[in-house]
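To start, the structure itself, in structure tokens.
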């Protein structure tokens, strides 16, 4: 296990292991003691104290944003591996594992295929001579093994492509089934509504018949009630008559005749009533009512059919061209969404530079001047604007007069002919970053094949470089005409010298860094780059091109590290997701944080201020025009927002 670890050991890897990724200071056994979070990342104790002081329920890891719920640093364990590497004796032992497996004193140059050992030249000549042993240089053996792995990787990628096609076909089948389910359910609903209409008509007829019976019976009952009331009145009248007789004198009562007949009051009342009785006679269904039944029948679907693939349609919008505006300060009107920067914290400048909103250029679409998820922005010294339009697979070039042209991948050669003949899709240009040097060459990092491509302004590709690049991302142009490219997975910054006729003529490693991504440079050739992976917490579509860094480093043209801006650039402020940078004429650094949705300003002399804090959705690129206007590329708004930027002196803390 130690030998396997030592095979990948180098000075850059040791520096990455022995430095805190936040403050970029080397770990020590005291104040900068390495502490291990629950997610597995290592941070020094000093940075953890700041993280713990600025949170309530724990520490949020700047790498993966997972929360380690602790109340004290004593609850975290030390990274014993890092502490062991700090020991000089242990480090010497690890370096010794990189030597010849036979003598252990010299660097290996040969590889014995028979024994599986890396050997130095004297050991090979002494003990590993043919025919008993087959030896070859280490580089050739490694390249041979890489080719074997590459063939296996190619087969696996073909298999992955086939699996993706089958998954897409299966998704199409699933959507078709869902549509069929919905259609059958709608048909059932129509039939159910028809039955409900029939039931409503039946209920109306039934209630009408019941109302007729109720009316007839009511008439009989009312007539009988009328006769009873008359008889009751007659009875009351007779009662009053007899009461009066009872009160008469004896002589008068006896003198009246007593043979008066008593009237029959109930003679007119009927003895029987003829009414209509009702009852419910059930007709039709004997069992429960059923509208219909779902009938199943077998259906065979070929998952390799092309009909199962989901087709996408893009809506075209009106074209909007970019035109740089010439406006006086009196004509500038601030947008209600873009307010001047306010002071934030005790470290903010007292006289803060104001950036007023001027205009928004472009919208979502595929026509010239429109954008679809733009990810990179670059402005040349002549005022030309280059935009990496990732969603439309192109680079758009604008001049001060408006849209100039677009650059796409123009396939040529026998491979493209074969792909076209077979009906396969041609490779696209998937730009991640773009820049133009002083020679008029346009450098683009392409995520389609993880390469650096260099184009002329006419769209002709003069170079395509993949060697030494694992995942190229950011690119910038030095004043000398060289391109600097960041390799996120390789952890290096590469410097390329490109010739218009010969392509890439020279390349070298400028420096190493922790997952460098976005890059820019000033007029003196100092390169600024982001480090680490800060996740945008509002990345709703899981788009990895919207993830940025959480600290900034710099390196000179000679490879010497310079100014560093750590994760905590202020006492109470930190980076969340750096997605773009640029440098103004004074050497001040301007940073776009897509998670904070703000544009930050870091003067060369120190301090910071917030230039723009409102009106941005997801800023991913910024650049300054020669006329002093600040261009902000808003990815989720699919446009360029233009602000005023005045170069004036002000004091910083």
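Residue 1 is the first one shown; counting continues down the chain.
Heads up, the Cβ atoms here are built off N, Cα and C, so glycines get one too.
Note that the structure is a prediction, hence the values are computed from the model and not measured.
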Swiss-Prot annotation of coiled coil - which of the ranges 138-197, 198-257, 258-317 it falls on: 138-197
Annotated residue, phosphoserine, per Swiss-Prot; candidates 335, 410: 335
Phosphoserine: annotated position in Swiss-Prot, out of 55, 65, 595: 55
Of 72-102, 103-133, the range Swiss-Prot labels zinc finger: 103-133
Conformational class of residue 123 (Zn(2+) binding site) under the three-state DSSP mapping: helix
Residue from 100, 123, 128 whose C-alpha is spatially nearest that of residue 55 (phosphoserine), among the binding-site residues: 100
Proximal but sequence-remote residues of the same chain as residue 103 (Zn(2+) binding site) (Cβ under 8 Å, at least 6 apart): 120, 122, 123
The repeat 'NHL 1' (358-401) [mean pLDDT, rounded to integer]: 92
Local Cβ density at residue 123 (Zn(2+) binding site) - other Cβ atoms counted within 10 Å: 22
